[in-house]
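Peer 1: The structure that follows is given in the form of structure tokens.
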Amino acid sequence: MGIKGLSQVIADNAPSAIKVNEMKAFFGRTVAIDASMCLYQFLIAVRQDGSQLQSEDGETTSHLMGMLNRTVRMFENGVKPVYVFDGKPPDMKGGELEKRSERRAEAEKALTEAKEKGDVKEAEKFERRLVKVTKQQNDEAKRLLGLMGIPVVEAPCEAEAQCAHLVKAGKVFGTVTEDMDALTFGSTVLLRHFLAPVAKKIPIKEFNLSLALEEMKLSVEEFIDLCILLGCDYCGTIRGVGPKKAVELIRQHKNIETILENIDQNKYPPPEDWPYKRARELFLNPEVTKPEEVELTWKEADVEGVIQFLCGEKNFNEERIRNALAKLKTSRKSGTQGRIDSFFGNSTKVTCVTAATKRKAEEAEKAKKGAKKGGPPKKRAK
């Protein structure tokens with residue numbers, strides 16, 4: 001889940017903290033990728049005929065093709081990836097995992113009903129909700145990345161927390177994930193939609209934690225308490241407190257303890273035995289491998305090893321895989337040259353816009369269209 005509604009809270013209260021960009025804007029950067037999240041995205045992506053990519057034995061292989069293609073695309077854009085895999089979930093996540101199991105049971109029931117009705121679209125929707133990355137798929141992804149020469153980090157606990165600490169230590173530029181709690185763990189930069197399919201033309205959203213804290217006038221500790229109030233994976237939240245109220249309460253009272261002392265708990269009841277202090281501590285001091293102990297080395301791909309795995313074992317088309325590996329080799333060489341060119345000032349200038357700037361431009365365009373139609377643009381209701 002991450003942090004419920006955090007992206008919108010930042011958009012509303014700290015719009016300059018969000019930039020909209022293309023992948024080429026991150027040329028020369030190294031990024032830490034939440035591997036479980038990207039594997040999930042590859043698995044829920046279906047082909048035009050509505051099916052997943054499979055081997056002759058009927059095994060799903062979408063995760064492997066997705067991993068290969070996205071990795072090659074990153075190198076083609078001068079981006080060096082590091083994949084970080086989840087370890088064991090923290091004990092505090094038990095409640096969230098139970099809720100997910102309940103939602104899976106509900107989705108299974110809804111899927112059966114949709115199939116009985118012959119509702120294909122509804123059936124596809126619930127099938128996606130039932131997708132879960134298996135240990136075998138994780139292991140296969142690690143094997144492929146190893147053969148491709150891409151560094152893999154196995155986090156002792158949450159991948160987002162490990163990514164965040166690699167960012168804070170300066171080992172990588174930002175965290176690639178859809179889960180906003182990477183910011184709560186302290187990642188100074190979070191990149192959403194980084195691995196979205198090219199065909200969908202979804203721009204990358206870059207969230208800057210320092211700018212968000214500065215514009216919202218919050219300390220790191222206050223921001224963490226705000227995230228707990230919004231809703232996280234580790235504990236419940238105060239009933240009746242939505243995003244606007246949460247921001248208001250944190251700005252006024254600075255921390256959850258003082259909020260609890262001052263709010264009407266009959267109107268805004270907190271959870272019984274609310275473990276918000278443990279959640280706060282988990283965000284401040286998560287279980288991670290120390291960044292200085294993490295070695296990041298990119299090696300030449302074992303071409304024949306990849307061919308044996310993907311084509312010999314998983315029935316991929318050999319010509320297609322060799323073409324992808326040739327692109328990988330070429331882009332890694334050109335990427336090195338590109339970084340040298342960039343150092344001497346010959347790099348291509350890439351423009352980026354903040355989400356706020358983009359929104360203002362869209363509003364101005366709407367206003368122009370309204371004027372052309374013969375009347376002043378309508379004011380938005382406050």
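Cβ from N, Cα, C; glycine included.
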Peer 1: Asp179, Asp181 bind Mg(2+) 2 according to Swiss-Prot; which of Asp139, Asp225, Asp233 goes with them?
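Peer 2: The candidate from Asp139, Asp225, Asp233 that Swiss-Prot ties to Mg(2+) 2 along with Asp179, Asp181 is Asp233.
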Peer 1: From 273-281, 291-299, 336-344, which range did Swiss-Prot mark with region 'Interaction with PCNA'?
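Peer 2: Of 273-281, 291-299, 336-344, Swiss-Prot gives region 'Interaction with PCNA' for 336-344.
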Peer 1: So, by DSSP, how many helix, strand and coil residues make up the region 'I-domain' (122-253)?
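Peer 2: Taking each residue of the region 'I-domain' (122-253) in turn, the totals are 69 helix, 15 strand, 48 coil.
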Peer 1: Give the distance between the Cα atoms of Asp233 (DNA binding site) and Asp181 (Mg(2+) 2 binding site), rounded to the nearest whole Å.
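Peer 2: Cα of Asp233 (DNA binding site) to Cα of Asp181 (Mg(2+) 2 binding site) measures 9 Å after rounding.
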Peer 1: Closest of the binding-site residues to Asp179 (Mg(2+) 2 binding site), Cα to Cα, picking from Asp34, Arg70, Glu158, Gly231?
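Peer 2: Of all the candidates listed, Asp34 is nearest in space.
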Peer 1: Neighbourhood of the Mg(2+) 1 site (Asp34, Asp86, Glu158, Glu160): other residues with Cβ within 8 Å of the Cβ centroid, in order?
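Peer 2: Leaving out the recorded residues gives Ser36, Met37, Val84, Ala155, Ala159, Ala161, Gln162, Cys163, Thr177, Asp179, Ala182.
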Peer 1: Between Asp34 (Mg(2+) 1 binding site) and Asp181 (Mg(2+) 2 binding site), how far is it from one CA atom to the other, in Å?
Peer 2: 12
